[in-house]
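Data first, discussion second: the structure below is written as structure tokens.
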């Protein structure tokens, strides 16, 4: 399954965008694509990544609603939302 270390590593380049807004960097969008490939086809992987994203969002109080738009801004369709309030058990 996906580990929080993998998720954190993928999205670390996005911290500036997530806390300050603007446009995500190329490295950030590469990380989003990497996250997409990690969470591809298996429900347990998607749920694990969801829980990691939820924990990460809670750690960084400055994260704006920009997190929800991150995958869209990078042109990547993620199967896992980046949010503090997602019920990860409902992800299929």
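Keep in mind that glycine also has a Cβ here, set from the backbone N, Cα and C atoms.
Bear in mind that the values here come from a model prediction, so they are computed numbers and not experimental data.
Swiss-Prot has this to say about the protein:
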| type | residues | note |
| --- | --- | --- |
| DISULFID | 4-52 | disulfide bond |
| DISULFID | 14-28 | disulfide bond |
| DISULFID | 29-74 | disulfide bond |
| DISULFID | 50-88 | disulfide bond |
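Overlay of Swiss-Prot annotations on the structure.
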| residue | record | DSSP (3 states) |
| --- | --- | --- |
| 4 | disulfide bond | helix |
| 14 | disulfide bond | helix |
| 28 | disulfide bond | helix |
| 50 | disulfide bond | helix |
| 74 | disulfide bond | coil |
| 88 | disulfide bond | helix |
Query raised in the report: Given residue 14 (disulfide bond) and residue 50 (disulfide bond), what distance in Å do their CA atoms have, once rounded to a whole number?
Result: 16
Report task. Give the distance between the Cα atoms of residue 28 (disulfide bond) and residue 4 (disulfide bond), rounded to the nearest whole Å. Result -> 17
Report summary line: Among the disulfide-bonded residues listed as 29, 50, 74, 88, the Cα nearest the Cα of residue 4 (disulfide bond) belongs to 50
Query raised in the report: What is the interatomic distance between the Cα atoms of residue 74 (disulfide bond) and residue 52 (disulfide bond), given in whole Å?
Result: 20
Requested in this report: Can you tell which of 14, 29, 50, 74 has the least company, meaning the fewest other C-beta atoms within 10 angstroms of its C-beta, among these disulfide-bonded residues?
Outcome: 29
Query raised in the report: Within 10 angstroms of the C-beta of residue 4 (disulfide bond), what count of other C-beta atoms is obtained when all protein chains are considered?
Result: 14
Query raised in the report: Whose Cβ, among the disulfide-bonded residues 52, 88, has more other Cβ atoms within 10 Å than any of the rest?
Result: 52
Query - Rounded Cα-Cα span from residue 88 (disulfide bond) to residue 52 (disulfide bond), Å - result: 10
Query raised in the report: If one measures from the C-alpha of residue 50 (disulfide bond) to the C-alpha of residue 29 (disulfide bond), what distance in angstrom results, rounded to a whole number?
Result: 18
